[in-house]
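Visitor: Feature table excerpt (Swiss-Prot):
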- Cys31, Cys34, Cys50, Cys53: Zn(2+) binding site (BINDING)
- 27-289: domain 'CoA carboxyltransferase N-terminal' (DOMAIN)
- 31-53: zinc finger (ZN_FING)
Amino acid sequence: MSWLQKLLPPKINRPAGNSRKTVPEGLWSKCPSCESVLYRTDLESNSEVCPKCSYHNRISARTRLNFLLDAEGRSEIGMEVQPVDPLKFKDSKRYIDRLKTTQAEVGETDALIVMQGSIKAVGVVAAAFEFKFMGGSMGSVVGERFVRGVQAAIDNNTPFICVSASGGARMQEGMFSLMQMAKTSAALTRLSKAGLPYISVLTDPTMGGVSASFAMLGDVIIAEPQALIGFAGPRVIEQTVRETLPEGFQRSEFLLEHGAIDMIVDRREMRDKLATLMTSFMRVPAGAA
C-alpha cells in the first residue's frame, strides 16, 4: 500500500450489482404556493390542503364527493346520460374524438357527477364538477344531470348542493351549451318553489357561463379560499378596459369583501359547515346531524 493510499479514507463497501434505491413515483408532492415538499399521504389525509400554507389544491369530483358525503347510502344520478356531437363540431380535432380521449384519460363520461346521499345523516343531493374533463365545461350532459339532481332533491324533499369548478360553457356544443344556463336556472326556480335550499360552493376556478348562471344563484353561496371566480378572466378584462386590476381581483376574498358571496370556508371544515346549514334550513333535530 502506497503512502497516498494510507492517507485516503477507506472505500465504502458496496454490494455487487445495481443497489441504488429508487423513490416510488407519486410519493411526494410540491405545493404550488409555498413550494413545500409534502408527503403525498399527508396531503391526501388533509383533504388536499397544504398543511404549511393552507393552499387548496384542485381535486377530482369523486374525491370531493367522498370528502362531503357519508360513506353509506350513496347512489349516482344521471350516469346513463352520455354526451353526443349534434353539431359534428371540429376544431383541431373532432369533438367526438376529443370526448373519447378525455373519457379514457379522466375515467369519467362528462364533467358533472351527481349523487344522492347524506351529510352527517342529513339527506342531500350533491353535484360536483370534474375540472379535468375539458376544463369542467358545461354542455348538454352537465345541464341534464344537474336538472335531474334538482328533481331528485324535490322528489325526496332534500337540499341540493353543487360544487362548481368550471371554465364555462362548452364551445363545441354551441347554443346547446348556452341553453343549459337557462335550463339549470329554471330547475332551481322549481327547487325554490318547493321550499328547498340550494347551497352553491365555488371552487377554483368558477368562470364563464357557470358563474353567470346556477353558481351564483344559491340561497347560500360559499367559496373556498383564494378561488378564482368571475365571468371573463382577469387578463381578458385588463386587455379590454386597458387598466390594471386591483390586487386579488376575482378571488374569493375580494368577492366576499364586495358582497358577492356569503362566506369563505376551508375545505377541511366544509362538511361540518354544510351539515350545520342544512340542519338549520330543514329544521332537522340537532342530534340527527
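Glycine is no exception: its Cβ is also placed from the backbone N, Cα and C atoms.
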Visitor: Have a look around Cys34 (Zn(2+) binding site) and count the other CB atoms within 10 A of its CB, chains all included.
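Guide: There are 12 of them.
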Visitor: Indicate the candidate from Cys50, Cys53 with the smallest number of other Cβ atoms within 10 Å of its Cβ, considering only these binding-site residues.
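Guide: Comparing Cβ neighbours within 10 Å for the binding-site residues Cys50, Cys53, Cys53 has the fewest.
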Visitor: Validating a neighbour-count step here. Other CB atoms within 10 A of the CB of Cys31 (Zn(2+) binding site): how many?
Guide: 18
Visitor: How does the model score the zinc finger (31-53) in terms of mean pLDDT?
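Guide: When the pLDDT values over the zinc finger (31-53) are averaged, the result is 95.
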Visitor: Treating G and I as helix alongside H, and B as strand alongside E, what does DSSP give for the zinc finger (31-53) in helix, strand and coil?
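Guide: Helix/strand/coil tally for the zinc finger (31-53): 6 helix, 4 strand, 13 coil.
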